[in-house]
Structure formats: C-alpha cells, structure tokens
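Student: Dropping a structure here in structure tokens format, bear with me for questions.
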Amino acid sequence: MEVSSEQQLFFMREAVALGERGRIFAPPNPWVGCVIVKNGCIIGRGWHKGIGSPHAEVCAFQDQTSSLVGADVYVTLEPCCHFGRTPPCVDLLIKSKVSSVYIALLDPDPRVCKRGVARLKEAGISVYVGIGHEEAKASLQPYLHQRETGLPWVVMKTAASLDGQTSDRRGISQWISGEQARLDVGRLRAESQAVIVGSRTVCLDNPRLSARMPSGDLYERQPLRVVVDSRGSVPLDARVWNPDSGNVLLATTEQCSKEHIQKLEDRGVEVWKSSPQQVDLKRLLQYLAEKGCLQVLVEGGARLHSAFWREHLVNAGVIYWGPKFLGDQGSPMLRDLQLCLDNAEHVKITKTFLVGDSVKTCFECVGREDG
C-alpha cells in the first residue's frame, strides 16, 4: 500500500510521542519510540522504558499480533547494531522480514552511527532517514547534545516577577510563581538527571529540590541534587542533604573544611572537589555526563545562573513569570554580565503559555549577536 509523505510524518510523530513516555526512566539511554505499520494501519507501538529493558523496536514487536512480513517500521533513532545489555535491534528487524524502516535521526553514538542503516540495507530492507527529523531532534536534544559534546544539555530554570525580579528586597522568593507552575517544575526536575543549585539559594530558601508529582508523591526516579558550595557555607541541617529525596552531591573546593566534608560523607553525600578557589563548572558538567546525565537543570540563584552564562554553558531555559511586580530592589535573573545590545546573548523563544496564573516561557540559546 502506497503511503503518502503526510502519513509518514504522522506515523513518525506518533513514534516521537511514544518515546516521550520514557523520558524520565530511559536515561542514560535515549527515549526512543517506535510504531509498526501495515496496510496503512498501526499494528504495534513501543517505547524504551529504562536501562536494561527492551528497546522501543522490541516493545513494538511484542505489542503487535499480525505477521510482520512486509510491514513498515517507524523509529525515532537509528536502530542499534551492537550487543549491550540487550541484543541488536537490527537483527530483530532483519529476522522479521519487514519491508521498510523509516528513521528520524541517525544515532551519534559511534557504536551505531550509520552502521545500523548499513546492516539493514545489506539485508535488502529499504531504509529512509529524515522523516520527522525536526520533531525527533526537539525531543532527543539532550541525548544528541551529550553524545556530540561530552556535556549534558543544560537548562536554566527560574521564576521571576513580571518586572524580572527573582526575589524581593529581603531576598525572599517563596513564592513568586503560582502553585501550578511549581507543580510543573516537579516534572521538569524528574526529566533531568541532575538539579544544580548555589549555596546562597539553599541558605535563603532551604529547598528539598525533590521531583514531585501533582499528587505530592515523589517520582520513582529522583534527579541527583548538586549543591555548588565553594566554602562549605550550607548548614548541615539544610533539607537538601536529606537522603530521602534522592542522592546528593556537594561540588566544592579546597576552601571547604575537611570536618564539614566528613560529616556530609558520613550521611552519604558524594563530594566532588574542583580547583582551589571556585568550582569549575565545565569540569562539573563533564563529571555529570560521565555519571550518565543527559539533561541538567540549573535552578540558581542569580550568581550561579550568571556563572553558567559567562562560560556559555547554558543551552536552554525555562522562566516562570509570576503575576507580580517587585520594583528594582530585588534580585535580577542575571548579574554582572557586562553585555550591550550589540553583543547580547540571543535566544530563540520556543514556547510561551499559561500554567495556572503564571506564564511559562521556554527558550533555546542561539549565541551572541556579535557571532
């Protein structure tokens, strides 16, 4: 049966949507989705549910009840061709005698890149690459970025008043955004493998940094909570050190006392030391990537956000605009960047919509105006 380009895109978008279901549990693997189509109808759906579990293609094959001979397979990422925790997906595709495989994106992993396509073509299967490319790229951007750069995809998150203040003149920020916005942050944290916060924010707000569902229950998988504290100024009774909400890492320097470090290590906190005077943020990100982090959420405050901006380490951002005005005596989102219009940081706004009584703006970083 002839399938139009519009139908092909429809099927791939369905695969992308399926892949998103695995976004929380799949990392450090990519959240891949797959649909199987025969005679113009979807007969199988699948997505990768977590490390060590069957890949999307296998799940889709297990979901169908018809013969796969002559079927078309739509998958958001190039099928693997190597043995890992699971067998190669290309072997299953070849054995099942499918007619065609539509792939949205090639896998940048050197163990797979173009090799999966080559294996399928050698077996006489028609392969088409690029259908739904933009949709799949938008979904899998953290995975693609981490594989290509060795750094996790860094998302800056902040809440601000309509005039751009992240706290009032007393330094208080709870709460600028509304309740629905705060619930939305729970999902954003769950989709990240690490959440980074600065010492001043911990001292002022005493956050748990846990990822909670709208019901108030913790997500089954919690992000690593990372506290950037060069001198060990965060008190030992801060809620962030509580192991009940997941693992914690202290990113610090030689300025932090051995006694403070030992007390935290005794509680199960991992300690990562950087350069003598201040935490090397790029090295920290490299370390988090080595631990399997694909996406990192930087929650601030302004000093930490500004440090990431100065080093051009921010890839995207989410701003929750609360329905308030605070004047100019609070804390701005960013400090001391020394930028003018002709060398300003340029971003592409990708989404803006209401979340309860707050406005959520999503953006991706493009670069500086001066190139």
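The backbone N, Cα and C atoms fix where each Cβ goes, glycine too.
Annotation comment: Swiss-Prot describes 6-128 as domain 'CMP/dCMP-type deaminase'. What Swiss-Prot records for HIS55, CYS80, CYS89 is Zn(2+) binding site, and it gives similarity to another entry as the kind of evidence. Under the heading active site, proton donor, Swiss-Prot lists GLU57, citing similarity to another entry as support. Sequence annotations record features per position, and here Swiss-Prot assigns region 'Reductase' to 151-371. The annotation NADP(+) binding site is assigned in Swiss-Prot to ALA159, TRP175, THR201, ASP205, SER230, GLY301, ALA302, ARG303, LEU304, HIS305, SER306, ALA307 on the grounds of similarity to another entry. According to Swiss-Prot, the substrate binding site annotation covers SER173, ARG189, LEU209, ARG212, GLU299, on the basis of similarity to another entry.
Burial and contacts for the listed features, if you can.
Tutor: The predicted model assigns the domain 'CMP/dCMP-type deaminase' (6-128) a mean pLDDT of 91.
Sequence-distant contacts of HIS55 (Zn(2+) binding site), defined as residues of its own chain at least six apart whose C-beta falls under 8 angstroms from its C-beta, comprise VAL32, HIS48, PRO79, CYS80, THR86, CYS89.
Same-chain residues at least 6 positions away in sequence with a Cβ under 8 Å from that of GLU57 (active site, proton donor) are, in sequence order, CYS34, GLY46, VAL73, VAL75, PRO79, CYS89, LEU92, LEU93.
Within 10 Å of the C-beta of SER306 (NADP(+) binding site) we count 17 further C-beta atoms, all protein chains included.
Annotation note: LEU209 (substrate binding site) sits in a coil segment as assigned by DSSP. Residues near LEU209 (substrate binding site) in space but far in sequence (CB under 8 A, at least 6 apart, same chain), listed by position: ARG189, VAL195, VAL197, PRO223, ARG225, VAL240, SER245, GLU299.
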Student: With a radius of 8 angstroms around the mean position of the C-beta atoms of HIS55, CYS80, CYS89, what other residues of the same chain does the Zn(2+) site pick up?
Tutor: VAL32, ALA56, GLU57, VAL58, PRO79, THR86, PRO87, PRO88, VAL90, LEU92
Student: Please list residues from the chain of THR201 (NADP(+) binding site) whose Cβ is under 8 angstroms from its Cβ, counting only those at least six apart in sequence.
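Tutor: In sequence order, PRO207, GLU299, GLY300, GLY301, LEU304 meet the Cβ cut-off.
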Student: DSSP secondary structure for SER306 (NADP(+) binding site), reduced to helix/strand/coil, please.
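Tutor: Its secondary structure by DSSP: helix.
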